[in-house]
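The feature active site is assigned by Swiss-Prot to His55, Asp72, Cys122, with sequence analysis given as support.
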Amino acid sequence: MSGLSEKEVFLLLSSLQCTHGFLGTFDCRFPGFINKVKVQTAIINTGPREQGGIHWIALAWDPKSYQMFIFDPLGWKNDQLMKYYKFSYSNLIKRSALSSPDKCVKVIKNSQSVQCTCAGSCGLFCVFFLYCFYKYKSNAFKNCLFQSLYGSIPSLTPPNPTNLHKNQDFLYKFFKEKSLYFRQNEEYIVSNTKIGLIKSHI
């Protein structure tokens, strides 16, 4: 097994007290956000549940700023996501009934990768992002915590994996400090998310 399971994702979020408005973990058939007036978050897999899933991404809705945040740890663009996973951000947005006659939804997505393709840590990065969202809301990306991560050009073979590996070290330190569940299960979680788990670069 590699990566986080749905149960582990929820338990990590719970340990960080980040479950207010959390709709759950979903596969590629996520129905979308439907409540315009409440904070909502979700962690979605780009693959079908019955096939074990492929890659986690995170979604968050801030009704105050009317912004939907999409976070992909690998930073893929829509065409790349479709090419690699047969998954579309556009379809995801369309399924969310958040627009109104007098307000347009502003979609904000990261354009850089923060995770190395050699690691199985997409679930951990998604939990970290939702922590940033709950703490900073409309500044989910533009805050000192998230900006502690190095950004890189999205690529199957990262041009500078060293910086992305530093992000992983930062992530483990963050969870070790903030999450009792992580501390209690550190060896198991690290073994399933560690750098070098997937052969993607030398």
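A Cβ is built for glycine as well, from the same backbone N, Cα and C atoms used for every other residue.
Of the listed active-site residues His55, Asp72, the Cβ environment within 10 Å is emptiest of other Cβ atoms at His55. Other Cβ atoms within 10 Å of the Cβ of Cys122 (active site), summed over all protein chains shown, number 25. Secondary structure at Cys122 (active site), as computed by DSSP, is helix.
In this structure the C-alpha atoms belonging to Cys122 (active site) and Asp72 (active site) are separated by 8 Å.
Between the alpha carbons (Cα) of His55 (active site) and Asp72 (active site) lies a span of roughly 9 Å.
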